[in-house]
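Peer 1: Would you mind keeping the following structure in view while I ask a few things?
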Amino acid sequence: MGSSLWTCLILLSLASASFAANPRAPIDVPFGRNYVPTWAFDHIKYLNGGSEIQLHLDKYTGTGFQSKGSYLFGHFSMYIKLVAGDSAGTVTAFYLSSTNSEHDEIDFEFLGNRTGQPYILQTNVFTGGKGDREQRIYLWFDPTREYHRYSVLWNMYQIVFYVDDYPIRVFKNSNDLGVKFPFNQPMKIYNSLWNADDWATRGGLEKTDWSKAPFIASYKGFHIDGCEASVNAKFCDTQGKRWWDQPEFRDLDAAQWQKLSWVRQKYTIYNYCADRKRYPQVSPECARDRDI
């Protein structure tokens, strides 16, 4: 009986993987199509007719922008060129977040470095106001020399973080295991550049060198393909009809899992799933995400 059950599960897994596919290519649009400035408007510089912007951070303030709409599931992508040189203490962010007290959030945070040291990319997922699911990786390229694409695919089945065409993290829907999953709180997309030298670089040991200011991060692409909903909406009215909501996006295919495994093995420097000091018991979603 046990053998038969495992056989069924394996066949279901193979069937799911056989339908898997890569996300569609993002469509680049001008900044003003999907986004508006949030704060310190004078620290945002517009280039090439608004198809590219720069965020400037100095000792007085950082800056940021957010999407015009709120979205419940979708594919969200941004080309970012990170702060060059000595960026210690700075954080460049691209994330989705709802606005209530028990909020959901999906984070890309790029932690600045001293010159010559690698950037750290930290990802996190908050559900029902609970986070503490940090993973950190080094990037396998210099993210300050040219633009690279950072994307989130979010549907009812999984959240996938991408760097260019490489999945770097998967967070599966494990609601059946007692782990909350973001499914009923529309989120806006936020981007920002700010000073966080109390924690960002070597746990706050490295402070921001303001003689190097202004620090500049560049953005372009501004791709949003999501189900737009009011902040009070609890479901997507196009559920099951969008490309990112189809069966082939319920899982990664074999090639994508292989890419993810490569990133995990070569570039991971911290994974909450493996942190037995913080979590003596493995979080239930970690096995489903193949993170242990």
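Quick reminder: no glycine exception, Cβ is built from N, Cα and C everywhere.
According to TrEMBL, the protein carries these features:
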- 1-20: signal peptide (SIGNAL)
- 17-219: domain 'GH16' (DOMAIN)
- Glu105: active site, nucleophile (ACT_SITE)
- Asn113: N-linked glycosylation site (CARBOHYD)
Peer 1: Looking only at C-alpha atoms, tell me how far Asn113 (N-linked glycosylation site) is from Glu105 (active site, nucleophile), rounded to the nearest Å.
Peer 2: 25
Peer 1: Using a Cβ cut-off under 8 Å and a sequence separation of 6 or more, which residues in the same chain sit near Glu105 (active site, nucleophile)?
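Peer 2: Set apart from Glu105 (active site, nucleophile) by at least 6 residues yet with Cβ under 8 Å, we have Tyr95, Leu96, Ser97, Ser98, Asn124, Val125, Phe126, Gly131, Met187.
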